[in-house]
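Engineer: Grabbed the feature section from Swiss-Prot, which reads as follows:
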| type | residues | note |
| --- | --- | --- |
| DISULFID | 28-46 | disulfide bond |
| DISULFID | 33-59 | disulfide bond |
| DISULFID | 37-61 | disulfide bond |
| SIGNAL | 1-18 | signal peptide |
| SITE | 45 | site 'Basic residue of the functional dyad' |
| SITE | 62 | site 'Aromatic residue of the functional dyad' |
């Protein structure tokens, strides 16, 4: 049971702050993005944004 807890904890930490060649990646979840944009009567989509050495995956409403 303790091993399972440690594995889940590490999975959550790595998922929230992934390091790839010095770039931090943030994760956008499509269902959550669509729900947030529905309030504005728009369609939501996860898109990649690049800023200096960082790459972000963010939600955009169209």
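Numbering starts at 1 and runs along the chain as it is shown here.
In case you wondered, yes, glycine gets a Cβ from its N, Cα and C as well.
Note that the structure is predicted; figures quoted are calculated from it, not measured.
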Engineer: Using a 10 Å cut-off, grab the number of neighbouring Cβ atoms around the Cβ of residue 33 (disulfide bond), all chains included.
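Structural biologist: Taking every protein chain into account, the count is 19.
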Engineer: What does the structure give for the C-alpha distance between residue 37 (disulfide bond) and residue 62 (site 'Aromatic residue of the functional dyad')? Integer Å is fine.
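Structural biologist: Rounded to a whole number, the Cα-Cα distance is 8 Å.
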Engineer: Rounded to the nearest Å, what's the C-alpha distance separating residue 61 (disulfide bond) and residue 45 (site 'Basic residue of the functional dyad')? Just drop the number here, would you?
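Structural biologist: Checking the Cα atoms of residue 61 (disulfide bond) and residue 45 (site 'Basic residue of the functional dyad') gives a distance of 6 Å.
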Engineer: Given the recorded positions 28, 33, 45, 46, which lie close to residue 62 (site 'Aromatic residue of the functional dyad'), meaning Cα to Cα within 10 A?
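Structural biologist: The recorded positions close to residue 62 (site 'Aromatic residue of the functional dyad') (Cα within 10 Å), listed in sequence order, are 45.
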Engineer: Within 10 Å of each Cβ, count the other Cβ atoms, then let me know which of the recorded positions 28, 45, 46, 61, 62 comes out lowest.
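Structural biologist: Sparsest of the recorded positions 28, 45, 46, 61, 62 by Cβ contacts within 10 Å: 62.
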Engineer: Quick check for the class: what is the C-alpha distance, in angstrom and rounded, between residue 45 (site 'Basic residue of the functional dyad') and residue 59 (disulfide bond)?
Structural biologist: 6
Engineer: Can you give me the same-chain residues 6 or more apart in sequence from residue 59 (disulfide bond) with a CB-CB distance under 8 Å?
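Structural biologist: Same-chain residues close to residue 59 (disulfide bond) (Cβ under 8 Å, separated by 6 or more) are 28, 32, 33, 36, 37, 44, 45, 46, 47.
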Engineer: Around residue 37 (disulfide bond), how many other C-beta atoms are within 10 angstroms of its C-beta?
Structural biologist: 17
